[in-house]
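Okay, so here's the structure we're looking at.
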Amino acid sequence: MELMNKKVMMKLALMVFLLSFAANVVNARFDSTSFITQVLSNGDDVKSACCDTCLCTKSDPPTCRCVDVGETCHSACDSCICALSYPPQCQCFDTHKFCYKACHNSEVEEVIKN
């Protein structure tokens, strides 16, 4: 009889554990304030943003995108996508009506047709 009570208690404990785990469901959304994004953050300084290779359409107004690939995106990038590699290869997918100033002395700006 005591063995039967232990089985019932174990089942009850397992059920309570699973219910408590299910009640605290993990939120699978991307949280931009998570620890890892704070560690890898480029900052929010738009004034220091730069881009060596900016592609723009010939539309009026133009739609421009920085296509630099590096270990991080420029500081004003909102949509930075990084490959899972070492070192990381990151590219910004934001579009603007302008290009940021060049990061280096040789400014390269290419214009593509819309």
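Cβ atoms are placed via backbone N, Cα and C, with glycine included.
Keep in mind that what you see is a predicted model, and the values were worked out from it rather than measured.
Here the candidates are Cys56, Cys66, and Swiss-Prot names Cys56 as the disulfide partner of Cys64.
Note: Swiss-Prot links Cys77 through a disulfide bond to Cys92 (candidates: Cys51, Cys54, Cys92, Cys99). Between the disulfide-bonded residues Cys50, Cys90, Cys92, Cys92 has the most other Cβ atoms inside 10 Å of its own Cβ, all protein chains included. In the three-state DSSP assignment, the secondary structure recorded for Cys54 (disulfide bond) is strand.
One residue stands out among the disulfide-bonded residues Cys64, Cys73 for having the most other Cβ atoms within 10 Å of its Cβ: Cys73. For the disulfide-bonded residues Cys54, Cys56, Cys77, Cys82, Cys103, the greatest number of Cβ atoms within 10 Å around a candidate Cβ is found at Cys54.
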